[in-house]
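**Student:** Sharing a structure below in structure tokens format, with a few things to ask.
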Amino acid sequence: MPPFNFTSLAPATFILAGIPGMEKSHIWISIVFCSMYLAALLGNGVLLFVVKTERSLHEPMYLFLSMLAVVDLMLSTTTVPKMLALFWFNTREISFSACLTQMFFLHFSFSAESVVLVAMAFDRYVAICYPLRYTSVLTPSAIVKTGLVAVVRSFGIIFPCIFLLKRLPFCGHNIIQHTYCEHVGIARLACADISINVLYGLAVPFAVIVLDVVLIAVSYILILLALFRLPSRTARRKAFGTCGSHVSVILLFYIPAFFTVLTHRFGHTIPHHVHILLANLYVLVPPLLNPIVYGVRTRQIKEKVVKVFSHSTNHFLSE
């Protein structure tokens with residue numbers, strides 16, 4: 001078969017199996033996942049609303065945070081509604097095109113969030129190491145270009161996966177042992193050699209994410225060197241505080257991601273349902289906790305949230 005024959009056999013639908021071995025617990029798991037998803041929608045929605053309505057928050061740091069909130073909402077919304085429909089209504093079928101679309105936006109969101117985290121690390125680097133040049137470096141134009149880079153790079157990395165899947169013949173079973181569609185999981189259903197899919201699906205995104213982690217690490221090494229040169233302990237503590245939220249968000253994003261990748265590659269002794277539970281938590285935990293981390297650790301956001309909701313409550317009561 002030619003390597004890119006798009007007329008190859010493709011099933012009309014796939015069947016999502018959910019979490020194999022935990023079918024009896026699907027309802028209870030769905031309650032937890034639904035609660036986390038609703039909390040993520042509320043937290044990120046409030047964050048976006050506050051940043052949009054408060055002009056004092058129209059600064060690079062908070063605009064990047066808004067980008068992070070948008071990507072987090074995309075990440076969870078791509079997977080969770082279909083997952084809940086599976087758990088509640090047993091709607092296991094998903095069309096081939098819908099499955100590819102879900103796969104695309106899942107991996108696209110992951111890549112875009114990584115770019116945003118790099119941009120946020122650069123923002124902290126400029127703010128601490130070159131504070132006098134902050135406004136001239138991180139201009140509105142630079143922020144817009146950062147968003148475009150996140151979109152273009154993520155699209156360029158993930159879009160080939162669609163063609164790599166469309167070239168495959170699917171002549172065997174069509175049951176995906178998961179709650180959502182992802183690249184290698186779909187490819188494993190094909191009755192053909194999928195070595196290219198496995199290589200691209202693991203090596204290319206992984207290499208790009210490793211590059212992002214290296215850039216973030218270099219930024220924070222330079223930040224630490226600059227902090228240790230500050231004469232005032234108060235100034236050092238304040239600078240550490242501005243980075244604390246971002247470091248927490250980085251850890252929430254990359255540690256589960258690398259752990260999931262490594263367990264899929266090397267954790268063959270780990271039960272399959274544990275892999276799937278971890279993968280589901282990965283698309284829920286960062287969107288849930290990111291706005292909480294920034295809301296609790298960032299004084300400006302905390303104050304503005306209280307101000308906006310106090311104003312709304314007073315306005316409601318006055319009527």
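Placed from the backbone N, Cα and C atoms, the Cβ positions cover glycine too.
Automatic, uncurated: that is what TrEMBL annotation is.
When I checked TrEMBL for this same protein, it listed these features:
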- 43-294: domain 'G-protein coupled receptors family 1 profile' (DOMAIN)
- 27-50: transmembrane segment (TRANSMEM)
- 62-84: transmembrane segment (TRANSMEM)
- 104-122: transmembrane segment (TRANSMEM)
- 142-165: transmembrane segment (TRANSMEM)
- 202-227: transmembrane segment (TRANSMEM)
- 239-262: transmembrane segment (TRANSMEM)
- 274-294: transmembrane segment (TRANSMEM)
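What's the neighbourhood like for each of these?
**Tutor:** For the transmembrane segment (27-50), the residues of the chain that approach it from at least six positions outside its boundaries are 19, 57, 65-66, 69-70, 72-73, 76, 80, 83-84, 87-88, 277, 280, 284-285, 287-288, 290-292, 294-295, 301, 304-305, 308, judged by C-beta separation under 8 angstroms.
Away from its own ends, the transmembrane segment (142-165) comes close to residues 4, 6, 60, 63-64, 67, 71, 100, 103-104, 107-109, 111-112, 115-116, 119, 183, 186-187, 196-197, 200-201, 204-205, 208 of its chain (Cβ-Cβ under 8 Å, at least six residues beyond either end).
Within the chain, the transmembrane segment (202-227) has long-range Cβ neighbours (under 8 A, six or more residues past its boundaries) at 107, 110-111, 114-115, 117-118, 121-122, 124-125, 128-129, 153, 157-158, 184, 236, 239-240, 243, 247, 250, 254, 257, 261, 265.
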